[in-house]
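First up is the structure itself, then whatever we jot down about it.
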Amino acid sequence: MDGVVTDLITVGLKRGSDELLSSGIINGPFTMNSSTPSTANGNDSKKFKRDRPPCSPSRVLHLRKIPCDVTEAEIISLGLPFGKVTNLLMLKGKSQAFLEMASEEAAVTMVNYYTPITPHLRSQPVYIQYSNHRELKTDNLPNQARAQAALQAVSAVQSGSLALSGGPSNEGTVLPGQSPVLRIIIENLFYPVTLEVLHQIFSKFGTVLKIITFTKNNQFQALLQYADPVNAHYAKMALDGQNIYNACCTLRIDFSKLTSLNVKYNNDKSRDFTRLDLPTGDGQPSLEPPMAAAFGAPGIISSPYAGAAGFAPAIGFPQATGLSVPAVPGALGPLTITSSAVTGRMAIPGASGIPGNSVLLVTNLNPDLITPHGLFILFGVYGDVHRVKIMFNKKENALVQMADANQAQLAMNHLSGQRLYGKVLRATLSKHQAVQLPREGQEDQGLTKDFSNSPLHRFKKPGSKNFQNIFPPSATLHLSNIPPSVTVDDLKNLFIEAGCSVKAFKFFQKDRKMALIQLGSVEEAIQALIELHNHDLGENHHLRVSFSKSTI
């Protein structure tokens, strides 16, 4: 460890703590300990202790186990989707690096993203943690010329003033005034491509704000708006020409002449991820005339990535089961989503990086109202829940074990941040690999339940249509399995008695076994689903409740 300490103090790292490199690895297999000599070179042969608490968030991040031949630009590329990278310190001899983001918020977003999804550089996993240091001071230090050159190049690209290739050509660069909107055409559309599929793929390269899908000239097309033109550039650079599914659904990506999208409705054709309050509308949204005209425009077409001097085309995103964006410079393979995705079992990016981690830690629950059964019903919307454990001594926390890591990721993505019984639920991946049942005679108060063989599992049948009807929580619920004798008033009164305010209701015209009911808020709908899913309606019919993608 002395070697690391000496090197870091020599290069002028501004210390925020007396401990150096002592915090726990956020997404690594073990915790680094400052007293263990082998942390200097990332030696896996040593056993690392788990006796150190994680560092508090810092805009300086510590990267471990970086490849010995990695470039400065490749390290920088890990941080670019999350914000501006302001400094870099490489310790190649120790397979380590320090990356400084412009803000602590950007660093937190980056760590949160890479917690369940281990990033790869040159096909090698890289582990990221907060540093004890609050700032990197590398002025006038030897061997920093390459790092500073890479940072300056990236800064120039982000401001649109320099070609990535370092020459006069504008090929593969972010042009001045380049649009954050991409125009996407799907060729060889053998399998359906949904708005959710596009969001999953393109969100790997930055924050997706809006998507509009449409069909023109018998081709499925989309307009997709990023928060930043740089994100759009990287997405086009990596994804243009790639296949979504094996040997089909090829992405053809151009830059749009539009600089912003006007989304009027949130439905299966269009989505504004910044405006969850938008109505569903009927069918394809109406478009403003300039936008409609733009559908036929070629857009600002940038040439394929020409290869930058020292700048990696790969953004360092992890390979995953199914959908993968390899992080090997210059080698972008197909985005092959496994065939199981066609039946709804799409691989969630990064889930393969946490084998067997199907347990979620759910926090900030209302201890007076939450029950294991309630969590089973709610999380069961997004996968088959096997076990639930509410903490005996801290009843606002619980563990939820899903059938697999994909389902855990899906439930976490949809439910974390939702309000439930007056509190904002938080869900993260747990360090536990399974929920243990209480030993015989152990006091538990019924807080641990095994639902492994529950008949209420929604996804136990392979290829079930339920896989195609997974939607985020909304104020509108989809009701099914309604017997013929049950009336509109019967169902309205059922929800009113459960404490809900019913705003609208309608039966499906072609099938009165199904209906939509719109409640006063998303929180009301979540609580109603917990309360009334599987409610006995008589005539051997139990009500089925799920979130709807539609509004009334």
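The backbone N, Cα and C atoms fix where each Cβ goes, glycine too.
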Report which of SER56, SER454 appears in Swiss-Prot with the annotation phosphoserine.
SER454
Annotated N6-acetyllysine residue, as Swiss-Prot has it, among LYS257, LYS389, LYS423, LYS492:
LYS423
At the Cα level, what's the spacing in Å between TYR127 (phosphotyrosine) and LYS423 (N6-acetyllysine), rounded?
33
Report the listed stretch (59-143, 358-432, 475-550) having the maximum count of Cβ pairs within less than 8 Å of the domain 'RRM 2' (182-258).
59-143
Cβ-based isolation winner (fewest other Cβ atoms within 10 Å) among the modified residues THR138, SER454:
SER454
Distance [Cα-Cα, Å, rounded] between THR138 (phosphothreonine) and LYS423 (N6-acetyllysine):
44
I need the most crowded of these modified residues: TYR127, LYS423. Count other C-beta atoms within 10 angstroms of each C-beta and give me the top one.
TYR127
Distance from LYS423 (N6-acetyllysine) back to SER454 (phosphoserine), taken between C-alpha atoms, in Å:
28
Could you tell me the mean pLDDT the prediction assigns to the domain 'RRM 1' (59-143)?
84
